[in-house]
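A.B. asks: I am attaching a structure below and will ask some questions about it afterwards.
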Amino acid sequence: MAEESSSSSSPAASFQQQHQQQLKNKSLLISSVAVGHHANGLTKAASSTVSSFANSKPGSAKKLVIKNFKDKPKLPENYTDETWQKLKEAVEAIQNSTSIKYNLEELYQIMIRSIFLFLDRTYVLQNSMLPSIWDMGLELFRTHIISDQKVQNKTIDGILLLIERERNGEAIDRSLLRSLLSMLSDLQIYQDSFEHRFLEETNRLYAAEGQRLMQEREVPEYLHHVNKRLEEEADRIITYLDQSTQCNAFGSTIVINPEKDKTMVQELLDFKDKVDHIIDVCFLKNEKFVNAMKEAFETFINKRPNKPAELIAKYVDSKLRAGNKEATDEELEKMLDKIMIIFRFIYGKDVFEAFYKKDLAKRLLVGKSASVDAEKSMLSKLKHECGAAFTSKLEGMFKDMELSKDIMIQFKQYMQNQNVPGNIELTVNILTMGYWPTYVPMEVHLPPEGKKELQVSLFQTLVLLMFNEGEEFSLEEIKQATGIEDGELRRTLQSLACGKARVLTKSPKGKDVEDGDKFTCNDDFRHKLFRIKINQIQMKETVEEQASTTERVFQDRQYQIDAAIVRIMKMRKTLSHNLLVSEVYNQLKFPVKKNATLDLKSTNITHDRSTCGNKTHAPLLAVQFGAGHSWSINFIKTNETYQGNIISFTYNTSDAVFKDAKTKGLITVVVKDALPPVQLNTVYKCHHLDSIEVANVSQFFWDVTLQAFVQNGTVSKNDSTCEADRSTVAPTTVTNLTTTPITTASSPLPTTTSKPVEKPLTGNYSLKDGDKTCLLATMGLQLNVSQEKPVLVNINPKTTYVTGSCGNTSATLRLNDSNSRFIDFTFAVKNTSANTQRFYLKEVNITLMSSINGSEPLDAGNNNLSIWDTFLGSSYMCQKEQTVLVTEELQIHTFDLRIQPFRVQDNKYSKAEECFADSDLNFLIPIVVGVALGFLIILVFISYVIGRRKSRTGYQSV
């Protein structure tokens, strides 16, 4: 910008200064646009030009003014001719492969700063498919410099050496480390080139240090050292390492690596056993360690959506299939119990159901189930874990098999009474369509009657009966005569000619059936058994079949989403889009694609490409932030107005925010006519929320104040407000850019708060743990905020949604009223004796992200409460108004309160213990006070009489 150009002494910089000066009385003002981001914590250093703006507090109004130069810069004589001559000679030297006589830095400044940056701000903005000069420069640097193995190895070795020195207690240049690692992240080689080696070195260092210190130090001293090391590594994560480094763990490597798919489930079970052993032996099953382990498993096992659920279903199939001689019945039962523990952690339980049902159908229909008892035991475990609805179709499959078995017994008894000649065994299964996986219907051709003594399937029977009519048939002839599908026919012929009981002979010999193969009856067939069962070869699951199963799961999920939306809207009647999305997320039991939100904070952005513009290119406000993200808007004008022309937003899906992105790299979206026309010499203001949606990206703006083409370097006193502001007043908050193609919904948006004049509405809130309600709450809520001036705010239950957690000894209820206000109630259990356990409200935390009538946003809490106390298993009730003191500036008023955070039975409140304010003994208070006063008067009178008698007659007793 202006200061940057003034510090340059090159001809190109002077040329840039001339363009800047040609603005004369024009400049660009940006005011009160609070921005920031929290993508991965890596930021570029802000230039000194915008330091006063960048260091401002979020939400506060600061101004950044780009002014003209005081002294008009002078261009050298013949500057244009000399510059073009230098460029011409340099280009010719490159074309002729000769040396360039000019300084390369000078040529760079001429070419890049004076030519390509101009194209970057004009031509590239109108062609979204073209990379900017910055992106192209990064790509060239990555390809030709940092990707060189020698350069990369020396760079990584130097970085690791600095980190090692810091771990040994030496002082190092952390800003240098931060810049180098930020560069690797921007170049998208951080994980491949640095992170892997860093984790190896870290593991080696602490393994050796741990072994040494365990021999030298006592346990308390050793644990203190471990805690210190953990704090140091956490500080490194915050200061210069990428946030993704913190997430890598052993469990993640098991799940994420596709090469481990065959052994994933077994490795997860072994890992779980190992962790359980450590918690049992080393930490005596401490509840905090157990909960931490559960959260960790739930986190990493779902980093790869759907695949763990599919592989767990296939693992169960391998254990329940006939021929599995690995375990006894007791060992198999223990194995199923362990699998169910892993099953609890996965989100995509519907994926497990689909693959488990398909495999169960194969086991039942071909008689390959190892044990009916084991099958029903697994079914019982699934029913206990997921409810009757989850296993209803699976139970229906068993009922169909039992019914078919009874029908076949009756059929055989009937045939025996008919004295039909022959001894043919026939088995037919009658299946209910809705219970079983869908199968493609197939028409086949039945041959004339024949006589055979083999126990075979229908397709095998059709093939064998053909040999009553001839001695040799080709694959094509059998296919045409029977009408069996090609793949199924090949497997059928393979079972008859290539299996253990080869009743047919294949020519030429081989394990697989190929085109042109011919088949004849095996006249030399011998077998010791009279009745021979020829097993049908089961088809291995193909990629198409796997994809088809997954597609059916996604179709079923769409129906579940539709049903969830209907349920929510029937209950809530009216709901904003953001709240509806959040509520749907809470109700669904499978993972869904979520939004990735980029919040721009003023301390983490740079404006390196911003410019006031000149006669040849328009003013540009450009913001760079995070790992390769950028946002810009350019301005144009007519004789009377100016307006925002094009908004360009580029986001980097290699950033840790987009951890589930299928494609990695930079994606740019462009919006034209971004800002309505505004009169020249007028400040545009819009506090109300405005949003732009294009290409699955939503950009939100509010609290905007700006003026382009400032005249005489002075901000105009004329204001132009947007249409939305003319009827509403909006609070101060921050700007969001929300991208939605990959990954929780963006934060609730601010709305206007007005002072309530009546008692708040009473809302009913509840939390569920699975299918069971674990917390019930009914209350009217009112906030009393007294920062600048006292103001009361009613919490509207119709626009408030509930999250939280349940436990045996603690529970948390979080209310979000959609106006950026979060209220957390934390309950705890006290007294360890089972007969005297009570619960109480232990802690309240309130976050006000938007201002209330000019008050500052705040985050306050009180963790030293002991109210709403009653017996565990009961509910606490108080219909009268109560006040909860959070801080001196913030209080909560409750009305018609009833709460039960533990031991909820049948989704209903237990017997309530009333607060004293509601008690029927309230009327006794004035009576007791009156009696006490009367007694006091009598006591005073007696004392008076005693005093009188003492003074007149000496000591006497009364």
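In case you wondered, yes, glycine gets a Cβ from its N, Cα and C as well.
Note: TrEMBL annotation is automatic and uncurated.
What you see is a predicted model, and the numbers here were worked out from it, not measured in a lab.
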A.B. asks: What range among 1-20, 501-520, 541-560 does TrEMBL describe as region 'Disordered'?
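C.D. replies: Of the candidate stretches, TrEMBL labels 1-20 as region 'Disordered'.
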A.B. asks: Quick one: which of C686, C774 does TrEMBL link to C722 by a disulfide?
C.D. replies: C686
A.B. asks: Could you identify, going by TrEMBL, the member of C806, C878 that forms a disulphide bond with C915?
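C.D. replies: Between C915 and one of C806, C878, TrEMBL records a disulfide, namely with C878.
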A.B. asks: At the level of the C-alpha atoms, what whole-angstrom distance separates C722 (disulfide bond) and C878 (disulfide bond)?
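C.D. replies: C722 (disulfide bond) and C878 (disulfide bond) have their Cα atoms 47 Å apart.
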A.B. asks: I'm trying to understand the geometry here, so how far is the Cα atom of C915 (disulfide bond) from the Cα atom of C686 (disulfide bond), in Å to the nearest whole number?
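C.D. replies: Distance (Cα to Cα, whole Å): 48 Å.
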A.B. asks: Give the distance between the Cα atoms of C878 (disulfide bond) and C686 (disulfide bond), rounded to the nearest whole Å.
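C.D. replies: Each residue's Cα considered, C878 (disulfide bond) and C686 (disulfide bond) end up 44 Å apart.
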A.B. asks: Just checking, which of C686, C722, C878 (disulfide-bonded residues) has the fewest C-beta atoms within 10 Å of its C-beta?
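C.D. replies: Per-residue Cβ counts within 10 Å for the disulfide-bonded residues C686, C722, C878 bottom out at C722.
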